[in-house]
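**Student:** Got a structure for you, questions after.
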């Protein structure tokens, strides 16, 4: 008998609802025993998946490691634009898994998406790979081997970071230590990761016959969205106080959808609710490849036994992950357990957030110290000026008609560099300066124009029996982005061709010609080959350090012959890159506690039909985190250390919210999840009708 009997009164208007059948999947063939690894409970197919992930991650992280510097040095974008595009790309990589998960669960299955879509189309490849590979590895285990499956995620994460470790170390070397057409070899740096993608495809395909390939179970994403929409709309239509309330808002979908699907969606939404605060963690973690790499360019990368490229510092993260995962699993977590502390997955993730906050606080402290060591920057209506005397005797330079004349009243000896740039104040954005030059009994008045917020060098030279001056604009800003820059002034009466390396050469015009700045590798330059139209000679440039800009004046001394007078326009980076080690250690510990735990938590708590969907949702939080960085980089307008503090404080607030949400979350146990086969049980008993009424008489 139906629960509700239709009244003959015309005032009762019940509307029958069509029953939406969940597509029945064909019965699965009986499982054949899978081959194990060395007699353990680990399927042999896992080896192919892990090796595939190693190669794929080598490709991804290798390309990503040099991406920020490619934007900065090769495309000549500024730091904010480089950061924004880097995180826009990262966000897209972690947004496309939603598409990949939908295709995997509803159409091709995880195996085909991995091999055909993910590895064939690089643009969408990461969207096909990311949501499937972790869950596909979990599918290889039987339910009786839950403990091995849990440890698999640690092994899986080790493979990720092993690939990241090697590629992050090697790819910057391919970029910086190999020259292509006189510049860093980005073609090779991007080409090797591309080759590893081909190897990943081959390795993955080799294990095809060993994989357990659960068939797709229909368009799960569409079913979930339809179920949620029907529950909300049905609840809205039946909001009358006369209608009995239901235990859960999703129970309002019971008239149309099976109980098992509703239970799965309930579990899914409970976990997705926990995911809301997670993007802020990724906003901090992913800045290792952008803001932290840019910070490394302003530091001294000479460690004594090894010289690092700025993007090579990222190698610390995967290296420490390989150390921290077994350390945490085998030592720290066990010690915490012996102390009687229940260290649940959500508690581990909350502690990971706190560690990330501390990492960015340390990064802010390092940034403040770098700024203290950096040269001052001219502000509005200000310029910095240095005077270089290239004559053969001392000279007195006085600025006329300006309150700044006291800065330049002392005599300047021949080839004596002023101890520092003098700050001059302008009345407008551009202004003419008048100088009085006194050399022996000669007096010369000269005029030069300058523009605000720039650095200038005033060269004084002997011109026959007289003296003259020329104003040269220095580098656009007092930073070389961690590179080493050089320029030359030629006092000879012949053009000079200078070969700085096999791929870098320049020509400097005669009679005080000034070259543009050229970027060179850091290192010793004891014998730089030079030639004029009638002779060859060598110049000793000495040690050229990171972050410095040098001016070399080529002179011909009667006593010493041809030589180069060396001036440091921009001081070299003084703070060692080793000071980044604490922040990398903290953020890596945070990643191990947050990401590895969250990966296993997402798989264990997900309904069996929605594991790829939930993995994609997990990756979507990474995409949103990168969008947060993009927005802050473009619109905050904060100095870098203040931006680091902002991210640290935001994550601390989010951690508090997540802790409250996690405290009220009740984890789903494996035995509480109904077997997927139960979905085929008829889900509608009798003629169910909806509760929408206009005039109701029961």
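From the backbone N, Cα and C atoms, a Cβ is placed for every residue, glycine too.
Note that TrEMBL annotation is computational and uncurated.
Annotation comment: TrEMBL describes 58-78, 84-104, 116-136, 156-174, 186-206, 315-336, 348-366, 616-638, 644-666 as transmembrane segment.
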**Student:** Of the listed stretches (58-78, 315-336, 616-638), which one yields the highest count of Cβ-Cβ distances below 8 Å with the transmembrane segment (644-666)?
**Tutor:** 616-638
**Student:** Could you check whether the transmembrane segment (186-206) and the transmembrane segment (315-336) come into contact, where contact means at least 3 Cβ pairs under 8 Å with the two residues of each pair 6 or more apart in sequence?
**Tutor:** no
**Student:** Please check if the transmembrane segment (315-336) comes into contact with the transmembrane segment (156-174), where contact means 3 or more CB pairs closer than 8 Å and the residues in each pair are separated by 6 or more positions.
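**Tutor:** With 3 or more qualifying Cβ pairs, these stretches touch.
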**Student:** What parts of the chain pack near the transmembrane segment (58-78), using Cβ distances under 8 Å and only residues at least 6 beyond its ends?
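**Tutor:** Hits for the transmembrane segment (58-78): 85-86, 89-90, 93, 126, 163-164, 166-168, 170-172, 175, 183-184, 186, 189-190, 192-194, 196-197, 200, 289-290, 293-294, 297, 310-312, 314, 318, 481, 483, 519.
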**Student:** Can you name the far-off residues of the same chain, 6+ from the ends of the transmembrane segment (156-174), with a Cβ under 8 Å from a Cβ of it?
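**Tutor:** Result: 49-51, 53-59, 61-63, 65-66, 134, 137, 185, 188-189, 192-193, 196, 309-312, 314-315, 317-319, 321-322, 325, 595-596, 599.
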